[in-house]
């Protein structure tokens, strides 16, 4: 009533109504958990691992897999512990040789200017970090001190190599490069070259290329074998029809990766109605070598049934402007409705394909056309004869 009188805008009123809608009494069907998230993380929890010592056999990989906070704590403690350990050793050497006592000018100590544990600790830092302030230095009086000096230098180099290598690998991990490899939010199923195809779009935001890029797809669903064995996560590979005609893709601009739904496809018997009731998940994996670092990277995503649009296709994103090609990433995930049969690929093939269905529909429509006199009525009857190709509202 207030909106009719002009006191409150209609947009605001509609917004408030949309927020105040009561929740439905009956909950929707609960879907199974995703196997792979949209950001590529695997939704798998490893529990009851008894042999925890296997992780210590590969210390470097364990350090790289740790969180940054834990890595920095280990980085700091490794240097602190080594300095304290060798500081104690230098203090024991000075104590055994009598360097801590006040002697005459003719006395030659193992290490000069060491009078307490604090001075021994500072000398340990100077040796391992090679600072060399000049106040403390080793003499040729003690052979044991020379051996300890060599051992501490070797230990310091090993710690530096391991920790710096760990820090480098954490900063240059493959998933960092995968942040600029993008996938379309939805997958689509529509006709391409008179065949039903499952399509997704991939792109790379960086100018540096992904060398030897390959795309793989898998269908993950619950299945039962002939013997009655239930496989909760049955992974089925599906064949890819790459746009460049080879196993690799040239990912300079966004590409539409197409899978032709044929007899060998796990989506062969899938119809728009089945898509709404099946717990289906399609995993897309993009692999390649980073051009600048030479590290192999991998980007992953998945599409569940609600994210697969039937009867739509992607809009073009590449246009030619001033002698060069421009990519509009604002249209990357945009789709448009297209005429698509509301049946599975199996039913379409049994009917003789798209061309045969068009012929049958046109033959059926001829008597209706003859009874029409006006040209506009003829055009309307032909349009009605192709209703089987109308965009399916299911799955959009």
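A Cβ is built for glycine as well, from the same backbone N, Cα and C atoms used for every other residue.
As written in TrEMBL, here are the features:
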- 36-173: domain 'Potassium channel inwardly rectifying transmembrane' (DOMAIN)
- 181-350: domain 'Inward rectifier potassium channel C-terminal' (DOMAIN)
- 72-93: transmembrane segment (TRANSMEM)
- 143-168: transmembrane segment (TRANSMEM)
>> Should anything in the same chain at least six residues away from the transmembrane segment (72-93) have a Cβ under 8 Å from its Cβ atoms, list it; otherwise answer none.
In response: 63, 66, 99, 110-111, 114, 116-117, 120-125, 127-128, 142, 144-145, 148, 152, 155-156, 159, 163, 166-167
> Mean pLDDT, the domain 'Inward rectifier potassium channel C-terminal' (181-350)?
Replying inline: 86
> Of the residues in the domain 'Potassium channel inwardly rectifying transmembrane' (36-173), how many are helix, strand and coil by DSSP?
Replying inline: 83 helix, 4 strand, 51 coil
